[in-house]
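Features of the protein shown, as given by Swiss-Prot:
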SITE      17  site 'Transition state stabilizer'
ACT_SITE  22  active site, proton acceptor
BINDING   73, 79, 86, 100, 101, 110  substrate binding site
ACT_SITE  99  active site, proton donor
């Protein structure tokens with residue numbers, strides 16, 4: 001099973017940016033833990049991070065035929081990007097939306113997600129563990145279908 005984790009804008013700063021909200025682990029630390037978990041779950045996990053909406057869309061489109069499931073933390077694009085939504089729907093690859101913080105306990109403008117209503121699921125608010133929970137969820141789903 002081949003999976004892709006896409007991280008959007010400013011997630012390259014995790015561990016440095018607002019640690020009281022996003023935690024102190026770096027994206028590299030989180031990814032290292034996820035690789036271990038993916039191996040335990042008999043899954044392969046690739047990573048992509050970009051601050052550019054267009055690059056994220058290109059990555060999604062290029063994953064057709066090689067990726068079975070997507071984990072996506074679109075960062076601020078979660079709340080603004082119909083284009084990301086359309087790309088995810090266009091490739092018809094199952095995806096799980098993931099966020100480090102609970103987007104529904106933050107500013108009101110963060111309460112709207114253009115991705116969650118079509119996602120397999122949404123995991124948010126558990127810090128770095130949100131990624132692990134999302135990974136376990138999508139692997140469980142893909143093993144059943």
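Glycine residues also receive a Cβ, built from the backbone N, Cα and C atoms like all the rest.
From a predicted model like this one, the values you see are computed outputs, not experimental measurements.
A 10 Å cutoff on Cβ-Cβ distances gives residue 17 (site 'Transition state stabilizer') a total of 11 other Cβ atoms nearby, all chains included. Cβ neighbour density within 10 Å is lowest for 101 among the binding-site residues 73, 101. A count of other CB atoms within 10 A of each Cβ picks out 99 as the most crowded of the recorded positions 79, 86, 99, 100, 110. Of the residues the record lists as binding substrate, namely 73, 79, 86, 100, 101, 110, the two whose Cα atoms sit farthest apart are 24 Å from each other. Annotated pair residue 73 (substrate binding site) and residue 99 (active site, proton donor), C-alpha to C-alpha distance, rounded: 6 Å. Between the C-alpha atoms of residue 100 (substrate binding site) and residue 17 (site 'Transition state stabilizer'), the distance comes to 12 Å.
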